[in-house]
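Peer 1: For reference, the structure I am asking about is given below.
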């Protein structure tokens, strides 16, 4: 019946796999879940080398196939994205308190500005501040590259989507409040990023309000929001939203030049020099006195940038029915930031707004990024001084408009309606970032998410199964009230791996099911003689888990019951064979399915007046 040799429905009691075989399988599934090298199978050496090169250097795959029909789309997309990136980059540089020309080379992070600001002032000690920013970018790149090379993309998965939603929303609120200085024309402001401190600074400096600056800022903000509204209502007009920031900058420059904005108390960016920034490798600082701050900022922002960038990449890949490799994305971001830190660049990632514009503009290949880079270089070489008249209030309006799109209130409401714990995780990140600090808000939210995961692992689901009438199916009796129990049998389903964290709970829960079933059986004048444990969902078990099964088995024996194992998975079967547990309960106590077990054991049931052929036809 269960020797493993009689028929195709017998349980396989073959020799356990070797340690090397198991290790190879686990490493492959952990580090290479997408099986990236499956295309190399059955290929000659030359083809393998070429495909490997294409895998690690994607341009080797798409460039040989490139043609002019693709270029016209990529050219339009590259110019469009550059028109958005230039004003946003200047704005973000202003936010991070670094020279605008550095911002033109990449995006930025408020978290880096906050952390580095504790070590050096961006106004009184700007050179040290900028050097530490480059150092933080360098460490961020090293961290990202290491994660990608070691195939540790799984770490990014520990940042729950609800955590990212709350973190980005809280950060957006902080940034919007920070921009009140430029929007209201304030000359004094707080260096803190907390909501309370910012609101207090606005109140204390209310006598510095410049109504002219505020009026211009509100007008720019309304215009930018209107362009976003147009894009939302008519996606084909995406370019209206894309050129909105550039239109604001151009209009602001013209206004500031002809109206002499500075005479009216409206601050401008100031002189911008032409040319590519000089290499910054000599500006990286590894002095123990300062290095902790850049390492901290680099690790945290590197992880956030990866999570955001990979999430964005995956969302667009799904929309286009493609697949991306998160580990390759990590390596790309990491190398980009390492090289950037040595060439006067700031931390960079793949922001949603620019990605969306790039896709909507019709880009066909990464060549659109090359076009964008050329456009940025042309601005740096020839047009940078033209942006020196950009009003600070225009940059504040651009930043606020971009940040408003990151406050996902509809997503938060959706989480509240569908998963209250996810909503708590989201709100903990949002309020933690807003009222404590960015890193503490992230830590609290990630901590709650991990706590939830640990609770799921430590208290996994178990359920009692019953037979669906007129079928051979066994389902949860709570979910399907019509499912009926089989007299003399208790069928339980275990819903997770069994290991040290939950082994004791699983033992106690199984014995509690047995106790409750015995009470029901006594009222129905039959005894439970077989306890069937459906292990179809148990993917693994450790030695502590096996010991707990021994305890359950001994407890059942004392009650005159027998344990039956149903459908153990290969990893579980290997462990049960190696630990001699199968020898302990006997091979005749292992079955492929619940119906096989009940069919084989029903004639052994004693003491039940209700067990007969007619009553068990449904099993």
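Backbone N, Cα and C atoms are what each Cβ position is placed from, and that goes for glycine too.
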Peer 1: Given 390-420, 421-451, 514-544, which one carries TrEMBL's transmembrane segment label?
Peer 2: 421-451
Peer 1: In TrEMBL, one of 128-152, 178-202, 453-477 is tagged transmembrane segment. Which stretch would that be?
Peer 2: 128-152
Peer 1: Between 78-97, 158-177, 558-577, I'd like to know which one TrEMBL lists as transmembrane segment.
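Peer 2: That would be 158-177, the stretch labelled transmembrane segment in TrEMBL.
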Peer 1: Which range, 270-289, 330-349, 350-369, does TrEMBL list as transmembrane segment?
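Peer 2: The range carrying the transmembrane segment annotation in TrEMBL is 330-349.
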Peer 1: Does the structure show the transmembrane segment (128-152) and the transmembrane segment (370-387) touching, where I'm treating 3 or more Cβ pairs under 8 angstroms (sequence separation 6 or more) as a contact?
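Peer 2: With fewer than 3 qualifying Cβ pairs, these stretches do not touch.
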Peer 1: Same chain, outside the transmembrane segment (480-502) by at least 6, Cβ under 8 Å from its Cβ: which residues?
Peer 2: 454, 456-469, 474, 510, 513-514, 517, 520-521, 524, 526-542, 544-545, 548-549, 594, 598, 601-602, 605, 608, 610-611, 615-616, 618-619
Peer 1: Please compute the mean pLDDT of the model over the domain 'STAS' (479-601).
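Peer 2: The predicted confidence over the domain 'STAS' (479-601), as a mean pLDDT, is 90.
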Peer 1: With DSSP as the yardstick, break the domain 'STAS' (479-601) down into helix, strand and coil residue counts.
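Peer 2: For that range the per-state counts are 62 helix, 21 strand, 40 coil.
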